[in-house]
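So the structure is just underneath, and the comments pick up after that.
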Amino acid sequence: LRVPFPWQEALCGYVIIVMALFWCSEALPLAVTALLPVLLFPLMNIMDSTTVCQEYLKDTNMLFLGGLVMAIAIETWNLHKRVALRVLLITGVRPALLLMGFMVVTAFLSMWISNTATTAMMVPIAQAVMEQLHKSEAESGTTGQVSEHTNKAFELQEKSPDSFKEPEEKGEWLVGNSHVLTVEEERERSETIEKKHLNLSKGMSLCICYSSSIGGIATLTGTTPNLVLQGQVNDIYKDNGGIINFASWFSFAFPTMVVLLILAWIWLQILYLGFNFKKNFGCGTSPAAKAKEQQAYEIIKKESKKLGKMTFAEIEVLILFVLLVVLWFTREPGFIPGWATVLFNKDNTSYVTDATVALFISLLLFILPSGFSSQDRDQEQTGGRAKFRAPPPLLDWKVVQEKMPWNIVFLLGGGFALAKGSEKSGLSAWLGTKLTPLQSIPHPAIAFLLCLLIATFTECTSNVATTTLFLPILASMAEAICLNPLYVMLPCTLSASLAFMLPVATPPNAIVFSYGQLRVIDMAKAGFVLNILGVLTITLAINTWASSLFQLQTFPSWANRTGT
């Protein structure tokens, strides 16, 4: 590509376009593309190398690292699997409740650990339950079939003289022949069972990948686009007063997640189960069906028993996790002064952030022991004296190094570098002047159209790249039309997680698709409606509870970068 004009704005726009093309086509690895500003911005005299490099390790990156260390500890000690199986034992295995159980568990886990790890853990559990349900239904049908069909056959033979006629005289084959009738009915019955099983399997697979994406939006550390937003807001608007923190984000995003999760549950029921209340919720269930459900329930119970009692390490990790969440919520709750304001505030400057809390808990994971000291008796080395062996810590660096997605750190940094480059080059201000005609469009319509655009774009590229590219542009647009920047940045960040239509849109979709039960058309059909429901839900959220929470109806002073 050749830059036609030697303007600083055009040069920065050129870098953004090149990175967008590379991110969409994956001509280079995503993380490598994110490093291009380190090379191109100094060569184009947009920013010096030292300033660019400083953008790659900010407070948001440290929050991301601290949150993931906690997630790795949960995965290492199988605490997430114990929680998942316990909830499934509570909800039961009736179709609608089973669907709801898997969705609730998956969404909850995705709030705290990566969407990919959650999906990879939940799909095998769902497959085991589905196989047992299918096997039980096939066996229960075969057991009571012979006597029932034999009686019908004898009645037909005794009561129908026509059964002795030749097939040509009757115009049909021997309906009185019990063997022929049984085979035909068995074939129809088998087809019905297979179709039912396939539909339920499709619904179960989709419910897991969809709820993992939906659950990730509820917490600030649940998925990377949320952290991209926080970093961009803090980078572009330095005097925002920490408006995006764990507590404020949760207050906005958690209700949105709950509404969208319920809508997804209803839609998948309608699509794959048929919304039959009596059938789906087990009202008036036959003894055979109850036996089938009990067998599937035993599978989950057996898996839960395999885990045994909670170990000392699991209890420690659970306590640290609860402590982390409590400290995040109470640091700066908004309606009262938080502990950070009371204890660590000087000259109206808060010295403690969510990243501080995350790294404090992460440090404890490398210090606290995973068990109690054990005694060894080695006659040769200790002369028969007891030798105490210290237990390993809850986490060691080798495990973290293997499981940590380091590429996301560079992706976050690349986004911050682009935002800073847009500001330094004047591209943000130039875009703002060009977008002023949007002022005549109603604000809810702007939010809806932008959400639709982002939801469509994120089907083709990663949600991190999508938010990284669009958020600085949206901030400039909002300033140009005197609209609170959060009014467009918040919903578009959530919309970047609405990757429901294609297997390549997000790793959870690819995982469930790899099991071979879904076709692309299945995911596209279910995902299209869910995308529309998601955009409508987010538009509703931003114009109701989010508006009062963030005062979105006013243009804040911290957003006025021009001073006019």
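Yeah, the Cβs are placed from backbone N, Cα and C, and that goes for glycine too.
Note that TrEMBL annotation is computational and uncurated.
Not measured: the values here are computed from a predicted model.
In TrEMBL this protein carries:
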- 14-41: transmembrane segment (TRANSMEM)
- 62-80: transmembrane segment (TRANSMEM)
- 92-113: transmembrane segment (TRANSMEM)
- 203-223: transmembrane segment (TRANSMEM)
- 243-268: transmembrane segment (TRANSMEM)
- 311-330: transmembrane segment (TRANSMEM)
- 350-368: transmembrane segment (TRANSMEM)
- 469-490: transmembrane segment (TRANSMEM)
- 496-516: transmembrane segment (TRANSMEM)
- 528-546: transmembrane segment (TRANSMEM)
Counting Cβ pairs under 8 Å to the transmembrane segment (14-41), which of 62-80, 92-113, 243-268, 311-330, 469-490 comes out on top? 469-490
Which bits of the chain, at least 6 residues beyond where the transmembrane segment (243-268) starts or stops, bring a Cβ under 8 A of a Cβ in it? 99-100, 103-104, 107, 203, 206-207, 210-211, 214-215, 217-221, 226, 229-230, 233-234, 275, 328-334, 353-354, 486, 490, 494, 526, 529-530, 533-534, 537-538, 540-541, 545-546, 549-550, 558
If I count Cβ-Cβ pairs under 8 A between the transmembrane segment (496-516) and each of 92-113, 203-223, 469-490, 528-546, which range comes out on top? 203-223
Give the one range among 203-223, 469-490, 528-546 whose Cβ atoms make the most pairs under 8 Å with those of the transmembrane segment (92-113). 203-223
